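Heads up, the thing below is written out as structure tokens.
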Amino acid sequence: MAKLIFLILTLIPILCTSFSPDKPSDRRILVLVDDFAVKSSHSLYFKSLQSRGFDLDFKLADDPKIALQRYGQYLYDGLVLFSPTIERFGGSIDAAAILDFVDSGHDLIVAADNNASDLIREIATECGVDFDEDYTAMVVDHAGYAVSSTEGDHTLIASDDFIKSDVILGSKKIEAPVLFQGIGHSLNPSNRLVLKVLSASPTAFSANPKSKLTSPPSLLGSSISLVSVIQARNNARILISGSLSMFSNRFFNSGVQKAGSPTKHDKSGNEQFLTELSKWVLHERGHLKAVNVKHHKVGETDEPSIYRINDDLEYSVEIYEWSGTTWEPYVADDVQVQFYMMSPYVLKNLANDKKGHYFTSFKVPDVYGVFQFKVEYNRLGYTSLSLAKQIPVRPFRHNEYERFIPAAYPYYGAAFSMMAGFFVFSAVHLYNK
Amino acid sequence: MARNLAKFLILFYTISICNAVTNPTPISDSHRSAALQLFDGSSSSLEESYEALRVFEILALENKPDSSVTACQKVVENLGSSSSLKDLFYALKVNGILKCKVDRGVFQDIASRLQATVNDASALVDMYYTIGSLVLIKDQAPDVDVLLADADGTFHSIKALSQSDGRWRYSSDNPESSTYAAGLALEALAGVISLASSEIDQSRVNTVKSDILKLFDSIQKYDDGTFYFDEKFGSGREHQGSLSTSSSVVRGITSFAAVTSGKIDLPGDKILGLAKYFLGIGLPGSAKDFFNQIESLALLESKRVPVPLVLSLPATVYSLSKKDQLKVTVNTVLGSAAPPLTVKLVRAFHTDAKDSAVIEGKELQYDQSSGLHVMGFPDNVDVGTYVFVFEMALHDSGSENDYAIGGQIHVPIYVTGIVKVSNAEIAVLGSDLGSDETQKTLDLAGTDVVSLSANHLQKLRFSFQLTTPHGHAFKPRQALLKLKHETKYEHIFVVGNTGKKFEIIFDFLGLVDKFYYLSGRYDIELTVGDAVMENSFLRPLGHLELDLPEAPEKAAHLPPLPVDPYSRYGPKAEIAHLFRAPEKRPPQKLSLTFLIVTLLPFIGFLVGLLRLGVNFKNFPSSALPATYAILFQLGAAAVLLLYVLFWLKLDLFTTLKALGFLGAFLMFVGHRILSHLASTSAKLKSA
């Protein structure tokens, strides 16, 4: 836990140095496998990555020559761990090196399986995902299994409980259930960055499929997560799956029928689900940038160095989303700006012109001090935007107050009539005889 | 590597319980459609073209992509020029399938060139390609002379590279031995024998046969009866995977077996194990693996070695409610029909009771039309997981050596059925068990729910019965009762059983600590499920209003609950700043009225002065004092005017500056006129 806090603390100041900010998608990906047979048995998944322009470098996980960085420079932008049984990586890679890799803004895909090694479990735990501690346990679902004439132990699960997020899973609905066979995990409730993408059904449980349940299973029902994602504070993204076979060609191509459901799908949802998810993890979707932050008084165009209380001002910012190849305008109606000093004085939704330009106008509060324009945009699946711009606000100057107050006219009238009287009196007093 | 592969394969290809042997299914249509996807006719090299063509040939694909024109063009190019041995070899292989138009003279040229160099080659790979090419020319142009003059010498030079353990070296200056090379060498030796102009010494052939047997001693094995060849980890040459190694050995031994007359006494179970290995790979994703798998399987079926027969079950899950029949198919590895044989169910036992067989010694009926061996389930087979042990027996006992059928085959079988749920009762009991305060019966098949209330001194009892279709007690793998508090905190209990009856009693007094002293509404849910239970269910039973005592100070706190991610994100409520309200002011009319009131004394003053009859007789009459008097009065008026201006527009600094000048001027002229007036009045007094 302490390590996790440390991790998060160290993440904050580190900028994504790996990818150029102009092109946030990963390019070079290291794939570590237990055996090169995975390359062939999971080729559809790898092919979908390669066809999208990723440069995959396959290595055995215990290859003594593998390295993530050389001379302080990372050699890869992403890492795929398809080696659930590995006890020790070859070369200079260990769990800490992988976490450092993530700390510096790189992405990670981890697939475990029902004999996942301690090393893989440790990496997952550091990311806020706790696999079932029972090494023989698998996720079993006697009501939500995939109907199969050859697999009768109900460890092959057809799950369709997806996270409701278009940015993570794409805008096209995944019709067919996803086949899953492997171990379940739970999410650490104190970790706010980890999200359940694919959950088990309420009838599922995690236990050894060969033995009867004598004590309540540690993981049960829809609290079991089958596939989870994490977006770190530095926008590094991590995918953790309890099943390696769900990435395989066999599952990609197999048909699926969920128990109790009359519809039989010719093709499981695995390919769509995992391809869309990989687009998210590898920053082809949901990566935002904000540029051209501007603010000025209404009717002016230049940015002032200071505002006076009760000024009317206009604020605008441009937000774009990376589509994998270009920056597209981001359209949403929930971007908010705060005028902030210790706490927000003004919090306002920004209007947008559907071309990525967001704007609003408001009156500066009648409190002076040093304020900030803040845009804190944290949405499910999107990289977080955090913009802050400092601006002081001053009170009225002495001559900026109201001059002619009707309520004060009697006082003015008294004073001026007194002065006129004085003038008349002085003339009369001097020259009267 | 081998260790990892073993783990990997166990992971992916074996879903077995209780040490049962896996049952790979023969090559089927899924392989054919996968082949069309993998070999899409865009092969760049001759080797790839050959692999594609060979796979299409073996699988007898109808609608294969036609690339014969371009391939033939490449073949002719490569045969004509002096291309490398490897290209030549594969050009001839492609030609063997496509039968391109090649001049006899071209073959003659190549053959003479190869014959001249065959004895110069020192590396095994070169010899392999040379001899392989000559064999291919022999097949494609039978009238070309390809026979080796010094076949014995060639044979010897290849054999010289062999090692004592049956493996081969790649060349004489490379001490490392390899299983992959053994496959190449065996194929080359087979080529030499078929090319020999005179008979090869039989004793040499026999030593090679014993080499093959030695090679089989180093075969690797999985627990499930699968055999494969693997390369010992070596450096230097490119590492070959176990698939390509096994496939190279299979190619070697089958081609060697084809040219020798005598029998090679290959163990049938290892051949079967190899077949299982190739089938167990499933659908490979790369073209090379696919080719290796299909070609090896085709060679195993080519009758040069015992033909492996694969027993497979289209389904291992059978439903009692649908009255399924046990079905078994026996095929060769490529899916063609097996010779007439009987499949016998030796034994079938429940996985919990291994010693008592449910079925013993029963023959399956062969159904001619479907090609299946079938059997109905006898009445004593209830729902459960079983292991069925099969055995095959060939009708023609003479052909036993031609087929590898293996011994007993263990298959896990799931027999599923609908389990009857009955007699569900839920009751809140008083502190002593005797008095049922509220007892309610539930129909678990329906949807009715109960609502109960209890305090910490009471107990809750829930019971139900499960019966199999045959009337026996059924114990499901999963019988869980869940109590879910309003705060979403869940408590899970396993419902235990005695015989048919499942019962759980909650003594809330003992559970208050576990419940974190949380009173309120608890939803009750029952989950009953098993792999062989077709009607596994999750059913809400209702809710329980629980009244628990206040938590003592030292009681444990509720652990944190997972937060709903959707609520964590999303926009915040807008905040608008509340500006300070302007001060209350009197209405303008009132102010103006008071303004007039304040002006009244001044008017009264003016009227009073007129009434008193003021005059200006004292105004100086001489010019200079009169000027001073006028200037003084003008100066005083200017100061007063300045004050008006100060109100209207000027600021303090401009006003003070102007006042400074005016003040000095006013003082000068004021002093003058006042001293003049004073002297005038003094004169008057003295006069």
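Heads up, the Cβ atoms here are built off N, Cα and C, so glycines get one too.
Because the structure is a prediction, the values reported are computed rather than measured.
Look at TrEMBL and you will find B:1-20 tagged as signal peptide.
Residues or ranges marked as domain 'Ribophorin II N-terminal' by TrEMBL: B:27-301.
Residues or ranges marked as domain 'Ribophorin II second' in TrEMBL: B:309-415.
Break the domain 'Ribophorin II third' (B:423-546) down by DSSP state and the numbers are 4 helix, 74 strand, 46 coil. Positions annotated as domain 'Ribophorin II third' by TrEMBL: B:423-546.
For B:579-679, the entry in TrEMBL reads domain 'Ribophorin II C-terminal'. Mean model confidence of the domain 'Ribophorin II C-terminal' (B:579-679) amounts to 91 (pLDDT, 0 to 100 scale).
Annotation source TrEMBL lists transmembrane segment at B:590-614 (among others).
Summarising the annotation, TrEMBL assigns transmembrane segment to B:626-646 (among others).
The transmembrane segment annotation in TrEMBL covers B:652-674 (among others). With a threshold of 8 Å between CB atoms, the same-chain residues lying at least 6 positions outside the transmembrane segment (B:652-674) that come near it are 620, 625, 628-629, 631-632, 635-636, 638-639, 642-643, 645-646.
If one looks beyond the transmembrane segment (B:626-646) by at least 6 residues along the same chain, the residues whose Cβ comes under 8 Å of a Cβ in the stretch are 619-620, 652, 655, 658-659, 662-663, 665-666, 669-670, 672-673, 676. For the domain 'Ribophorin II C-terminal' (B:579-679), DSSP puts the residue distribution at 79 helix, 0 strand, 22 coil.
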